[in-house]
Amino acid sequence: MRTNRLGAALAVALTVTCMSGALVSCGSDEPAESPEAAPATAAPQGPAKLTYWTWAPNMDKIVKVWNDANPDIQVTVSKQAGGDDAAAKYLTAAKAGNPPDLVQAEYQHLPSFIAADAVADLKTETAPIKGEFSEGLWNLVTLGTDAVYGIPQDSGPMMLFYRKDLFDKHGIEVPETWQEYAEAARTVRKKDPKAYLGTFSSKDPGAFTGLAQQAGAQWWSISGESWKVDVADEPTRKVADYWGGLVKEDAIDDVPYFTPEWNKALNDGRLLTWPSAVWAPGVLSSNAPKAKGKWAVAPLPQWNAGENFSGFWGGSSTAVSARTPHKAAAAKFATWLNTDPKAIDLLVKEAAIYPATTKAQSALGEAPEYFSNQPDFWQQAAAVSAGARGFTFGPNVGVTYNAFKDGFDKALQDGTPFSAAVQAMQDATVADMRKSGFQIAS
Amino acid sequence: MAGVTAATAHRRRAHGASASRPWGVAPTALLLLGAIYCLFPVFWVLIAATKSPGELFSTSTLSFGTGFFDNVAELFAYRDGVFWLWAANTLIYAGGGALLSTAVSAVSGYALAKYRFPGRNAIFNLLIGGILVPAVVLAIPQYLLFSEIGLADSHWAVLLPQILHPYGIYLARVYAAAAIPDSLLEAGRIDGAGEWHLMSRVALPLMVPGMVTIFLFQFVAIWNNFLLPFIMLGDDGKFPLTVGLYTLLAAGANQPALYNLILTGALLSIVPLIALFLTMQRYWKTDLSSGAVK
Amino acid sequence: MKRSARGAWPYLFLTPAIVLFTLFLAVPIAYTVYLAMRRTRVSGLGLGKGARREVFVGFDNFAAALADAELWQGWLRVLGYGALVLGVMLGLALLFALLLDSARVRLARFSRIAIFLPYAVPGVAATLLWGFLYLPSLSPIRAVLDVDYLGATTVTYSMANVAVWGGVGFNMLVLYTALRAIPRDLYEAARLDGASEVQIALRVKIPMLTPAIVLTTVFSIIATIQVFTEPTALRPLTNTISSTWSPLMKVYRDAFVTGDLYSAAATSIVIAAISLVLSFGFLRVVRDRAFREG
C-alpha cells in the first residue's frame, strides 16, 4: 500500500516538474541565442569594470599596477582552480549568460570555447601586436582562421630535465636521441635496480601531446569547411610504441606525474629524468627542494640525430568573453598584460610564467633559482622554443584527453600495446565529433 | 530471583557506567578499536600538517615535521589572508544554512508526524524522493536557474539550495513521532492553545535533541560541500574553504600544488567542526524520554 | 483527530519545505528532463556564431544511455562495491550505536566523537588522505599488511574502506539518537524478566530500531549508487579506475570533461530511476516494518 503511494507521489512529481519545466525551458535554455544583444547595450558611463578569471599566482598584484595607471578600466581578479575544471566552469558560466569579461584559456581548451561561441574575435584589436609572437603560437589562438580568439600569454616548450649528479655517478651521457634515451634507461636499471631513468604518465595527455608534436604529429587540421582528425597518425603511433616498449621491458616506470608517489621518487633520487616543459623548475623546487642544484636541463632527445625539434606542454592565452559589454577595454587590458614589457616582467617574476612574446623570451636574464647552477637556462629555453612545433587543437580536446587517460590506463593495466590506446583516442574523438554534426574530411 | 535482578539493575543504574560484568571490557575494547580506526588517518593529517614542503615527501610518514607554524603563517598570509575570508564565508553558508534547514525540517517533520491530512504521505514521499537525484546532476540546472534570476555568484546561490534536505525532514518526522506524545497536544488543545502555540511552545522544545542532530548533520554537510559552490561562485571573495583550498590544489598545469598549505588548511578547517561537536554533544545527555510524559 | 479544527495548519507548516522543494529540486529536475531530450547540432567547422544550435531529439539520449555497455559494467562494479559498503558500514554503525547505548562502556563520549570525526572530513580530503596511506612508498600501513592496495582487485576494497570510514559515524549517530528516543521503561521491564543486556539489544532494541535501520539502509543504498567522490579522487593515483568506473562518474565526465550536458542529463535520470527501483525493492522486502512509527 505504501509502495503505491510512493508511486503516486512520483507520478505527481513528474507532472509538476513537466509543467514547470515548460516554463523554465522557455526562459533559460538558450542564452546563446542572443549573444549579439549583450554587446549592443549602450556604451557604459564611468569606468569600465572588468572581471578576470585566472589561476596564475599573484595576478592580483600585476593587475593592481594596471588599475593604478588606468582609472577608467578597472579589472578585478578572481583566482580560480586551474586546469580542465576551469574550462568546464567557464563554459557553464558562458552558457548561463554570466561569464567573466576576461578569462585565462589554455590553448587546448580555446577551440571548445570558440565552438561554444563563448569568446570574442579580437582581430582588429590585436592587429598591431600580431608580429610580437611566433607564428606557431599565433596559430594556437587563430586555429589558422582569420579570426583571433585570444592573446598568447605563456608557452611551454618541452625540454629534458635530468639529475646531473646521478648521470655522472652512473657514467651516463645526456641522450641526444630517443634511441640513446632508451639505452640510458636500460643502463640505469642495471646500475641501480631501484631507480628509473624516467616514467610514462597515463594521467598527463598534455605531456604526451607535446612529445607527439615533437615527432611531427598533426592531430587536427582545418581544410576548407571541414575538420581533418588524425590522432593516430604515424608520428603519434611511433611515440606511443616507443614508450610502450620501454614500459613493457621495465626500462622505465609507469608512475603518473604530480602524484605523491612521483614526488617521493623525485626526492629519493629514484627518477633521473623528466621530459617536461620550461615551467618545470617551479614544480621541482616545490616538490623536491632538497635536490636544488642537482638538476640540469638539455634539449629533448631527437628522433633523428642532428634535428632540433620540440613540442609544447601547457601554455595559455587571455581571451575576452563574447558577451562582455566592454570588449574594447578588455582587449586593451589583455594587450597590455601580454605585450607591455613592464607587465611581462611582472608575469615572469610574480606569476612564474614563460612569456609568449618572442622579444620577452630572449630578454630573460637570470636563471631560475633552482637552476642557479645553469646560468644559460633561458638561452637554452629560447633555443628550444625556436624549434618547438605545435598543432591546431580541435573543438573536443576534452574527449580526446579523456580517451588518452582511459586508454593508457588500460594499456598499462592489461599490458596491451600503446598504439591501440592511440587508436582508441582517434575513434573516440571522431565518434564524438560526428555525433555533434561536425563536418569531417575522411 | 526477579527481585534480585531488579535490585542489581537499579544499583547499576545508580552507579552509571562504572559497573563491570563478566565480559564487560569487551564492549569498551570494541568501541576503542573503532575509535582508533577512525582517528588514525586524522592523526596522519595532523602529522603531515607539521611538515615543511621539503619534509613532506622526504621524511618518514609517521614522524612529526618542523614546519607547522611556518605552514600556518604562510597559509594566513596567503593572498593577504584570504583564508580568513573563506572561513567566514563557510561559517555563513554552514551556520545560516544549517539553522534554516533545521527550522524547516523540524516544522515539516512535526506537521508530518502529528497531523492527519489529505496528501500527507504524498507530500512526505515527494520530499524524501528528492534524495534520489544526485547533487552532481542538479548543480548545473540550479546554476542556470540562479543565473536567470540574477542571483548566481551571490551568497544566496549557495545558501538557498542547501536548506531543504530530505534526510533532515525524515529525521525530524521520526523524532517528532517519538518525542511528542499525542496526549500532550490534546491536553493543550483542551486548554485552548492555538496550533502555532502548540508547535512553537510545546512540540519544538521537545524536539531539541533531534534538532541538534539535524543541525549538526546539515552544518557538516554544507561545510564540506564542494560542487555547488564551485559551480555557483565566480568571485573568489565568496568562496567557502573547500573551493578555496581546491584553488591551491589545482593550481594549473604548470604550477605546483601547495600541498603543505592544503594539508594545514584541511586540518584547520576540521577544528571548528570538532569544537561544534563538543558543544553540541551535551544536548544528547538529556535523553528524549525524560522530557516526555508517557 | 478532528481535521476541521486544525484545517490548514499542517499545510501552512509544510509550505516552506514545499516551496524550497519546488524551486530548488522540482524545477531543476524538470530542466534536467528537458535537457535530456535535446542535443547540440553543429554545422561545418562548428566555429563562430550560429554554427551551433540545440535541437530536440526525443528519447535518443536515453536510448544511448541504456545501450551503453560501459554504463552497465559500471552498474556491476557499483553493485559489488555497494554490497560491501552497506554490509560493513551499517553493521558497524549498529554495533557501535548499541555499545554506546548500553551504559556500561567506558570512554563512551571519547569514542562517540572519535567515530563521528571522519564525517567532518570532506569526502575528497578523506579519499586523498587514504590515498596517501595506500601508496607504496609513503604508506605506514603497508608495513603492517603488505599488499598493493590500488591493484585491479584490491582497489574496490580500498574504496569501500574510505566510504565505511567516512560514513560509519554518521549512521551510528542516527541509530544512536533513535535508540535514545526509546522509552527506558521497556528495558527496565525486560530486565525484570531476567533478560541480559545482549538479549535486550537483540529482542528489544533492534526491533524498536527497525524503522531507523530500514531508512538508513535506503539512504545508504542511494548514496552508494551515487558513488563518485572516492573513485574520482583515487583515480589520479592508480591506473585501475576508468573515467566511467561508476555511473555517476560517467555523468560527471559527460557534463564537465567532454562537455555533453545532454547525455549527462539522460544518464542521471536513468540513475535516479534505478535508485528508485532499488530502494523500492528494498522497501518492498521489508514493507511491513518500513515507515512504522513509534
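Positions of Cβ are set from backbone N, Cα and C atoms, glycine also.
Feature annotation from TrEMBL assigns transmembrane segment to B:29-49 (among others). Long-range contacts of the transmembrane segment (B:29-49) within its own chain (CB-CB distance under 8 A, at least 6 residues past either end) are made by residues 56, 61-65, 68, 71, 260, 263-264, 266-267, 270.
Look at TrEMBL and you will find B:87-280 tagged as domain 'ABC transmembrane type-1'.
Same-chain residues lying 6 or more positions outside the transmembrane segment (B:90-112) and placing a CB less than 8 Å from one of its CB atoms are 120, 123-124, 127, 155, 158-159, 162-165, 168-176, 180, 199, 203-204, 207, 210-211, 214-216, 218-220, 222-223, 229, 240-242, 269, 272. Look at TrEMBL and you will find B:90-112 (among others) tagged as transmembrane segment.
Within the chain carrying the transmembrane segment (B:124-144), a Cβ under 8 angstroms from the stretch's Cβ atoms is held by residues 108, 112, 152, 157, 161, 164, 166-167, 169-170, 173, 227-228, 231-232, all 6 or more beyond its ends. Here TrEMBL flags B:124-144 (among others) as transmembrane segment.
Positions annotated as transmembrane segment by TrEMBL: B:202-223 (among others). Sequence-distant neighbours of the transmembrane segment (B:202-223) (same chain, 6+ residues past either end, Cβ-Cβ under 8 Å): 90, 93-95, 97-99, 101-102, 105-107, 109-110, 114, 162, 165, 167-168, 171-172, 174-176, 179-180, 184-185, 188, 193, 240-242, 269, 273, 276-277, 280, 283-284, 286-288, 291-292.
Per TrEMBL, transmembrane segment is recorded for B:257-278 (among others).
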